[in-house]
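Comments concern the structure below.
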């Protein structure tokens, strides 16, 4: 492993592209490998044992390609990070989200929308309690929003409907002004959320996660040392339809991509 070794990212679909895009902008000289396990998307509707099994397979896929660190670009995976097995440093977007929340809001209630698995695992409140007792999350799990964003990112009215289903229960009886996007799919529709709920200050944890990564790599003298020229490889499991979704989202989010390939994980080779 060298300074030129790539940074890995994993998600169960295209949601982690929001982290990838930020990473390309903030660390443009780093080589990146992104794996989206579309075959089993969304992880947020699976039981914990399955999530751990699939996430560990994702990690092994990236480690075989020589990554020097892995960003968990999936809140559901991050909520179970302590139970994952890796040979390289893992970076949790849940921890990043809690730190970003503390920087944004010093006291009171903060709204959190996430997959049901992330909410049920209780990772966000657990991590936040270790950092402060002055801020609490009001959580709302959504079954459908990540899948709708993944499969119908340009169906605006459909997206609006599912955004309302995810957020309206949070504000029915509470005066919430800060909203944490607890799924990496959700920043794809950040502008729509801001339009529908102008009272919110919206937190995207990806920015803080990359700041933490930068600090770690700096401390270990593990940066590529380049200001530009990093290459990005993207892999997806799943069908040809999933592959097309990835191709379309690369264009939609203006992501630099040097290769986009279908992947087979070790759990699918048996």
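Note: Cβ is positioned from N, Cα and C throughout, glycine not excepted.
Residues annotated as active site, proton donor/acceptor in TrEMBL: 74, 183. Taken from TrEMBL, the feature substrate binding site covers 11, 12, 43, 44, 75, 76, 184, 185.
Listed in chain order, the residues near the substrate site other than 11, 12, 43, 44, 75, 76, 184, 185 are 13, 15, 16, 41, 42, 73, 74, 77, 115, 118, 146, 183, each with its Cβ within 8 Å of the site Cβ centroid. Distance between Cα atoms for residue 44 (substrate binding site) and residue 74 (active site, proton donor/acceptor): 9 Å, as a whole number. Taking only the Cα positions, the spacing between residue 184 (substrate binding site) and residue 74 (active site, proton donor/acceptor) is 6 angstrom.
Annotation note: residue 183 (active site, proton donor/acceptor) sits in a coil segment as assigned by DSSP. Long-range Cβ proximity for residue 183 (active site, proton donor/acceptor), meaning a same-chain Cβ under 8 A and a gap of 6 or more residues, is found for 15, 44, 75, 76, 113, 114, 115, 118, 142, 145, 146. The distance from the Cα of residue 185 (substrate binding site) to the Cα of residue 74 (active site, proton donor/acceptor) comes to 9 Å. For residue 74 (active site, proton donor/acceptor), the spatially nearest entry among the binding-site residues 11, 12, 43 is 11, judged by CA separation. A 10 Å cutoff on Cβ-Cβ distances gives residue 44 (substrate binding site) a total of 29 other Cβ atoms nearby, all chains included. Close to residue 11 (substrate binding site) in the fold, though at least 6 residues off in sequence, lie 17, 19, 34, 35, 36, 37, 73, 74, 77, 184, each with a CB less than 8 Å from its CB.
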